[in-house]
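Q: So Swiss-Prot says this about it:
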type	residues	note
BINDING	R127, R167, G173, G174, E206, V208, E213, G239, I240, H241, Q282, E296	ATP 1 binding site
DOMAIN	131-325	domain 'ATP-grasp 1'
BINDING	Q282, E296	Mg(2+) 1 binding site
BINDING	Q282, E296	Mn(2+) 1 binding site
BINDING	E296, N298	Mg(2+) 2 binding site
BINDING	E296, N298	Mn(2+) 2 binding site
REGION	539-924	region 'Carbamoyl phosphate synthetic domain'
BINDING	R699, K738, L740, E745, G770, V771, H772, S773, Q813, E827	ATP 2 binding site
BINDING	Q813, E827	Mn(2+) 3 binding site
BINDING	Q813, E827	Mg(2+) 3 binding site
BINDING	E827, N829	Mg(2+) 4 binding site
BINDING	E827, N829	Mn(2+) 4 binding site
DOMAIN	923-1058	domain 'MGS-like'
REGION	925-1058	region 'Allosteric domain'
Amino acid sequence: MPIDKDIKKVLIIGSGPIQIGQAAEFDYSGSQACKSLREEGIETVLVNSNPATIQTDMDMADTVYTEPLTPEIVSEIIKKENVDAILPTMGGQTGLNIATGLGDLGLLDGIKVLGSDIQTIKDVEDRDLFGHFMDKLNEPIPKCHAVESVEEAIEAVKDIGYPVIVRPAFTLGGTGGGVAYNEEELIEIATHGLDMSFINQVLIDESVLGWKEFEYEVMRDKEDTCIIVCNMENIDPMGIHTGESVVVAPAQNLNDRDSQALRDASIKIIRALGIQGGCNIQFAVNPETGEYKVIEVNPRVSRSSALASKATGYPIAKISSKIALGMTLDEIKNDITKETPASFEPAIDYVVVKIPRWPFDKFRGINREIGVQMKATGEVMAIGRTFEEAIQKAIRSLDMGHDGFEYVEYTEDDLANPTDERLFQLYSAIKDGMDLDKIQKLTNIDKFFLYKIRNIVNFENEVTEEKLNDADFLRKAKQMGCSNKRLAALSNQTEEYIRNLLNRFNIKQSYKMVDTCAAEFEAKTPYYYSTYDSGNELKSSNKKKIVILGAGPIRIGQGIEFDYCCVHSSLALKDEGIETILINNNPETVSTDYDISDKLFFEPITFEDVMGIIDQEKPDGVIVQFGGQTSINLAVPLANAGVKILGTPYESIDGVEDRELFAKLLNKLHIHQAPYGTANSFEEAREIAERITFPVLVRPSYVIGGRAMEIVYDNNELEKYMKEAVKVSPEHPILVDKFLEDAIELDVDVLCDGEEVFIAGIMEHIEEAGVHSGDSACVIPPQTIPEHILNTIREYSTKLALELDVKGLMNIQYAVKLDEEMVYIIEANPRASRTVPFVSKAIGVPLAKVATWIMTGAKLKDFNLTKEIKIDHVAVKESVFPFLKLPESDTVLGPEMKSTGESIGVDENFGMAFYKSQLAAGMDLPKEGKIFISVKEQDKKKIRPIAEKAANLGFELAATSGTADAAKGVDIEKIKKVSQGSPNIRDAILNKEIDLIINTSEGKQSAQDGYIIRRLAIELGIPYVTTLSGARAALNAIEAVQNNEITVKSLNEHIDGE
């Protein structure tokens, strides 16, 4: 059936910044939707405020907006662009909330809603409507009451009984949810949940804790044809959010009867809802009786549908987009086989395992338990012929230094109340001989999975050097998924020894295809996974070919920005007719889409796994510049193995990581650096700190995202850091730098071809020095730096890029002391940085593509990139933080990175651009009301001008007595600290009397008062800033929005002046 002729122009709503519960999977789905609609001749308009996405590239949609995602702003875009329809189902929970918001405001008259209509969204998101709907279908759901007050919640439990699951309606990743075992817990969780909910509603669910959880991905078209794309089994039982659970596909523990029952229910539900496109349905199954209940229906593409797409090779988002236009499944071709229609259900003859990646390494001291609220930032996926092989590959893919299962300390309580170490604790308990029945009782994990882990334990117990010299035993070890490093550790040998044994016995990886059809039809666009079974399906060509190493799972410090660069690199090579081979293991991202590269390998990014591919493909070179620290860490071992590293010489990469070599280089170039030292012990660190004077910045060498980095102000803090945060040794020294107080930091991205340097972007940080560059807001062009200082920065950047023989991208961070007119270099990274997508969007140049072309021999002059581009607009990048999902975390920013994603604001002036960036990041700055101010001692001398400006903008002011005294002459109401008794600032915040909070803190050991204030701001959604520079920028933004209407302008208009 042809597409709906009334639809000529469609607005695709993106999901906004990466956050816990809503990550790269929606860039993947949105990008697929853009491509899919354009293939059918539809004009596409995209709105998404995340600059790090592929979908916000100007060649992805006909028109791209990076405006904040609010119903009011999206409605302005709908009016301006005169679209016929909107597609909200590619934008996650954000997309659905925008659609329902537009509908409720009456702003969708005459506009078609594609995929799932507004009533369908409400039928599944509003729990009362969902309950009635399922009752009509005779489908069982857990008893549930939707309540709008704590009193109603207490009443609901009388019908259901404890324990209950408390979940806010219309939220993401279980935000604000929890399990209540008694009334006290119920009151606490329900109060918080009501504040979190988009519609001020909390769901009180009957507990099915301990039941098994299964998910079904279903597709339906307008002719009522339905297929099951994939079923998946959560290894963890109900009570652990599916985003927190280890997941396996296909489901391993469903008998034919139960499988058919869940399949029938899935098809019945999608038909009754009338969804056209993809839908995710979650079931709980009682392990004793086989009874099932429907837990949730997502009428949109989701994290699970991205996983199902990558696990099967069936592009759910792409096909959903075509169905939304009116096409039917039998009209849509399967892109992998090019023969079968999309109405053929995928068949898989392998096992897929997904493991979440948590951010607990960045938030020391917080509760690591996993449960109904999502905390993971990303995930990895691995494919094997057996569960044992797939799970061991997935563990390696996490990029956390694990070469396989590892023994950890645990208690029975840990097994009953799982943390991020769940898999290792299971392994350790089995290794210690704990009875599997007991483990099953404590964990509610199906014995099937416990047997599988026991297989690995038993096999490892047999490993000795002697046994490994038996070819059959060694082959079995590899078929179990054991890495060379793990086998070396178990046999007290080296990785090289194991590699030599494998060569001697001619035991090599064979590569199998993901082809959607279990090899029934020939795959035209295959992707591969490794195994040690017989039969290699990899066909190597004689073309020129290049390997690109991906960035692995999304984590704090290494986000979607690096995947963006990998995608651009692959597309650039394809443009040149070079065969591209991409290695990655992240199921959420665009880079692991089957049509981005010529060959995709879903593999761990380790030396062993990468070399396996290189040995068989024999590429002309490997690009390590774009995969963050994950791929950079492989540069030296790969080069030592004789692999050609393209672009910047690996000696230069290593040279800037080595402090002594880098210092010598800077001296040679007459570039200033803050005083520093390298310590191998606490005594050495203390001597350095006393020589260069406190405060000092301390950190381990070789890190990304500032992991375990702190500013310390005295010897006591230094000693605490050395004892608690790091293990120091001659192999792992500590870097001690003089901390430059009151400096302004800048980031510079440059392109270099070895002869010329192009300054792509100089970004001024909004936050003061000491806040990690990945957490600070930044602006292009710089707003407060004099031209002669900028010229010094340009000169330093050019000298450094040429001296290091950079071929491609480099990022350099500077600190400027304006009072001394001094420019200091903080660090240089001869690779793509997390700011590359932002700068690319701000100036309209695809930096990662150009960097790739340079690596293959092009020159900057070929692209007319010899002069810095002057832009007429202002672009601001703001960071987005996971504090709401991590209840014990403090919002104070420092040298260790905490943000998960970013937003962009673009306008003609700084104030409005900053306002848009804040709104896009979820910080709705007030135009009027009351501002509370409380600042640390050293900020008091600078607070008066800020207070004056706030008063002049018409705000009432309240402050603690010390801060109020420091701003003498400004009308400020004095308010008690929490520790001084009531009524105090906590009462004022809880009574919703405060509209903006300015609160700066005394370094690491922030006062309890400050923590309470900042935490309350997060919980209640009150805008807050934790630095004076942030406060100045916020007031500039408020002034701009008080005096001007917010206008919408596409990126195309900003860049091309259209």
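FYI, residue positions are counted from 1 along the chain as it appears here.
Positions of Cβ are set from backbone N, Cα and C atoms, glycine also.
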Q: Which one is it: of the binding-site residues E213, I240, Q282, G770, N829, whose Cα lies the shortest distance from the Cα of E296 (Mg(2+) 1 binding site)?
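A: The answer is Q282.
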Q: Going by DSSP, how much of the domain 'MGS-like' (923-1058) is helix, how much is strand and how much is coil, in residues?
A: 66 helix, 19 strand, 51 coil
Q: Just jot down the residues in the same chain as Q813 (ATP 2 binding site), at least 6 apart in sequence, with C-beta under 8 A of its C-beta; none if empty.
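A: When sequence neighbours closer than 6 are ignored, Q813 (ATP 2 binding site) has E745, L746, D747, V748, S773, I825, I826, E827, A828 within Cβ distance under 8 Å.
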Q: Please report the three-state DSSP label of N829 (Mg(2+) 4 binding site).
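A: Looking at the DSSP assignment, N829 (Mg(2+) 4 binding site) belongs to a strand.
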Q: Just jot down the residues in the same chain as R127 (ATP 1 binding site), at least 6 apart in sequence, with C-beta under 8 A of its C-beta; none if empty.
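A: Non-local contacts for R127 (ATP 1 binding site): C144, H145, A146, A169, Q201, L203.
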Q: May I ask you to report the DSSP-based helix, strand or coil state of I240 (ATP 1 binding site)?
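A: Note: I240 (ATP 1 binding site) is coil by DSSP, not helix or strand.
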Q: Cα-Cα, whole number of Å: G770 (ATP 2 binding site) versus I240 (ATP 1 binding site)?
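A: I240 (ATP 1 binding site) has its Cα 37 Å from the Cα of G770 (ATP 2 binding site).
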Q: Do me a favour and check the Cα-Cα span between N829 (Mg(2+) 4 binding site) and R699 (ATP 2 binding site); whole Å is fine.
A: 16
Q: Among R699, K738, L740, E745, G770, V771, H772, S773, Q813, E827, listed as contacts of ATP 2, what is the widest Cα spread in Å, to the nearest whole number?
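A: Per the listed residues, the maximum Cα distance equals 18 Å.
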Q: Where the distance is taken from Cα to Cα, which of the binding-site residues E206, R699, L740 turns out closest to N298 (Mg(2+) 2 binding site)?
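A: Ranked by Cα distance from N298 (Mg(2+) 2 binding site), first place goes to E206.
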Q: Quick one: what's DSSP say for H772 (ATP 2 binding site), helix, strand or coil?
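A: It is coil.
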Q: Using the alpha carbons only, what distance in Å do you get between H772 (ATP 2 binding site) and I240 (ATP 1 binding site) once rounded?
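A: The separation of the Cα atoms works out to 32 Å.
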Q: Measure from the CA atom of R699 (ATP 2 binding site) to the CA atom of I240 (ATP 1 binding site) and give the result in Å, rounded to a whole number.
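A: Approximately 35 Å lies between the Cα of I240 (ATP 1 binding site) and that of R699 (ATP 2 binding site).
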Q: Among the binding-site residues Q282, N298, N829, point out the residue whose Cβ has the most other Cβ atoms within 10 Å, with all shown protein chains included in the count.
A: N298
Q: Along the region 'Allosteric domain' (925-1058), what average pLDDT does this model show?
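A: Value for the region 'Allosteric domain' (925-1058), mean pLDDT as a whole number: 90.
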Q: Tell me the Cβ neighbour count for E213 (ATP 1 binding site), meaning other Cβ atoms within 10 Å of its Cβ, over all protein chains shown.
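A: Result for E213 (ATP 1 binding site): 23 neighbouring Cβ atoms inside 10 Å.
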Q: Can you tell me how far the Cα of E206 (ATP 1 binding site) sits from the Cα of L740 (ATP 2 binding site), in Å?
A: 55
Q: I need the CA-to-CA distance for L740 (ATP 2 binding site) versus E213 (ATP 1 binding site), whole Å please.
A: 52
